[in-house]
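Accompanying notes for the structure given below.
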Amino acid sequence: MSANSHPPNSKNVLCNAAAGAAAGVVAATFVCPLDVIKTRFQVHGLPKLGDANIKGSLIVGSLEQIFKREGMRGLYRGLSPTVMALLSNWAIYFTMYDQLKSFLCSNDHKLSVGANVLAASGAGAATTIATNPLWVVKTRLQTQGMRVGIVPYKSTFSALRRIAYEEGIRGLYSGLVPALAGISHVAIQFPTYEMIKVYLAKKGDKSVDNLNARDVAVASSIAKIFASTLTYPHEVVRARLQEQGHHSEKRYSGVRDCIKKVFEKDGFPGFYRGCATNLLRTTPAAVITFTSFEMVHRFLVTHIPSEQSSIL
């Protein structure tokens, strides 16, 4: 994945989709416990760690508390939909992103910053619409240990069926508006990532496609921290809207009402609730995702025969 674009073909589509899916699975498995904590912080606010046996930071204390109450299963609650969501998310995203870059590039195959932002935004919109139901299920599964008096969901597919039956399409696509607002995240992250890669390539006197894993890790971590810090508030709003279900008290009537109530209760810091945990989770996840994608993609490009050679 480079700032320059390559002509689209079935090999590129296959390599992008397969590498994106592999990267999503690896990242989801690695960061799931921190994702559970982040989601609960966003939805229910900071926990009260009154147990004298719980020591250390809020994050460590929350991990210990969840493990004590719900076991290892609690730390990996929602792993299945997280894997499914991230697998499909990155498979769709990297494929769409590459196709849109090819469509928007100039005659000399160069991509302007504006075109890069547009490609990232378009891929983000398509991915968000396609995967929103899985993110709703993930949020519900990760927080259902804290919801009293509600029959828990048994699995990802049973949750999808039940939400569709009880709440209809609105339930499956709850939180879609703030999720689409989150397109600004990838619109910032991916062009920033591309620009940092170009800078590192020039500094190391090599091509972007020949950057090593360390360079990719540096570029992806800086881009992720920058984009996450600027766009985090929409994640809080999205998580709160997705968490409230058919059987729970309807706390928010919509995006505007949610923003108003969060601000009234917690002020501006309320929109950054769980941000530190989120950065601890998303920065390594971004490094894992982008490094895995780049390495797997290079392997596939090298080993999968091109259309012309397969015909011959």
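We count from 1, first residue shown onward.
In case you wondered, yes, glycine gets a Cβ from its N, Cα and C as well.
Here Swiss-Prot flags 11-103 as repeat 'Solcar 1'. The repeat 'Solcar 2' annotation in Swiss-Prot covers 111-199. Annotated repeat 'Solcar 3' per Swiss-Prot: 211-299, in sequence order. The transmembrane segment feature in Swiss-Prot is assigned to 17-37, 78-98, 117-137, 171-191, 216-232, 271-293; the stated evidence is sequence analysis.
If you look at the transmembrane segment (78-98), the same-chain residues 6 or more away from its ends with a CB under 8 A from one of its CBs are 1, 5-6, 8, 12-13, 16-21, 23-25, 27-29, 32, 35-36, 39, 119-120, 122-124, 126-127, 130-131, 134-135, 137-139, 141-142, 155-156, 159, 186, 190, 289, 293. Summarised as a single figure, the pLDDT of the repeat 'Solcar 1' (11-103) averages 82.
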